[in-house]
Amino acid sequence: METKNNKNITTCPYAKKCGGCQYQGIDYAAQLKKKQKEMNKLLKDFGKPEPIIGMKDPLHYRNKVHAVFGRTRKGEIVSGTYEAGTHKIVNIDECMIEDEISQSIIRTIRGLLRSFKIRTYDEDTGYGLLRHVLVRRGFATGQVMAVLVLSSPILPSKNNFVKALRKEHPEITTVVLNVNDKKTSMVLGERDIVLYGKGYIEDILCGCTFRISPQSFYQVNPVQTERLYQTAMDYAELTGKERVIDAYCGIGTIGMVAAKKVREVIGVELNRNAVKDARINAKLNQIKNIAFYEGDAGRFMVSMAEEGEKADVVFMDPPRSGSDEAFLSSVIRLAPKRIVYVSCGPDTLARDLKYLARNGYQVRKMQPVDMFGFTEHCEMVVQLVKKR
Ligand code: SAH
């Protein structure tokens, strides 16, 4: 990794407009140092974080590419990202952190629109069809899913469109039409219509195979995710006898990786599609000692605590907004020997650790993992143990 003026690596032509990468222009080693310093400072009350686990290759690490589609005033079709703080689209041809194959699929789609007379959606007027394209690629399996987010369930000459797309990109294994007909800044609508293939892709993490639907959360950096989960497993100190909770479990990844080493896993997740995937994933991997519940993790934990249930280890991996008091106070009542907190929001992590530290838990180890090179974001794994 070189410094500022090295064109190959750290100069991104969209850096100022896109706003996605806050650490553009900083060499990778310096980025890691910055994150380490930041984590040390933020978490100083709980001890000293371990040295950050950086990426071997910090470029093109994202397995998911999202592009918003629109037109310029002159009528040119553009696809990319919103200019930071606005609704003006920055046309992006190449991004240095996103998967290259997925990006080329998006460029192909942009090129096909005119001949298929597919209009891009206009946010102001509500006219037009194509709003977003989302491409996800399983790095381990090579399976590729293209999701076309349309304002209507009808894509004229859809079969020919899919054919044309697949001709350029035979690597695409499934194409899904997602219907988003609301005036919203959310990318995906609720309805998925499979145009080609299975309607999902699979990927492999830590020896388990996972089905990923368009709507399900899946970590964007699978290489570092394996290292993250490995750390989480180490911190859980599993012996084979434990009853384990995987809270905010998504498609069940952490729980399934843990399942082989424990007696029983209970997963809880809010997103219905993710829970569906999780249940199928358990079958796919022939894991029988795992059960998934759909619902708010806080409420689920409250009801477990009220029923006098216990757990030996709790994994928790909440969204950036962190956990809530219902959840945390119930964890304390469930009295696990160890809590493994996986966090993508260090501020809310610090807040939640404070609560747990005041209520009988001690932070023992903290491991930063860089999942998001060139951005300011940092992932953390924390081990908490119950005080005697
Ligand atoms: N552990 C998973 C997912 C982590 S992302 C993985 O590593 O892949 C956080 C997950 O929390 C998302 O799947 C999101 O849908 C879910 N979530 C958000 N709010 C929730 C809540 N209140 N209760 C349960 N799950 C929630």
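Including glycine, each Cβ sits where the backbone N, Cα and C put it.
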Legend entry - Identity of the S-adenosyl-L-methionine-site residue among ASP312, ASP317, ASP324 (reference: GLN219, TYR248, GLU269, source: TrEMBL): ASP317
Inset, instruction - Find the longest CA to CA distance in the recorded S-adenosyl-L-methionine-binding set GLN219, TYR248, GLU269, ASP317; express it in Å as a whole number. - result: 15
Legend entry - Intrachain C-beta neighbours of CYS344 (active site), sequence separation six or more, cut-off 8 angstroms: PRO319, ARG320, MET371, HIS377, GLU379
Inset, instruction - Report the member of GLU269, ASP317 (the binding-site residues) whose C-beta atom has the most other C-beta atoms within 10 angstroms. - result: GLU269
Legend entry - Same-chain residues at least 6 apart in sequence whose Cβ lies under 8 Å from GLN219 (S-adenosyl-L-methionine binding site): THR225, LEU228, THR253, MET371
Inset, instruction - Write out the long-range same-chain contacts of TYR248 (S-adenosyl-L-methionine binding site), meaning residues 6 or more apart in sequence whose Cβ is under 8 Å from its Cβ. - result: VAL268, GLU269, LEU270, ALA297, MET316, ASP317, PRO318, PRO319
Inset, instruction - Determine, for the S-adenosyl-L-methionine site, the additional residues of the same chain whose CB lies within 8 Å of the mean position of the CB atoms of GLN219, TYR248, GLU269, ASP317; present them in sequence order. - result: PHE217, ASP246, ALA247, CYS249, GLY250, THR253, ILE254, PRO318, PRO319, VAL342
Legend entry - Secondary structure at TYR248 (S-adenosyl-L-methionine binding site), reduced by DSSP to three states: coil
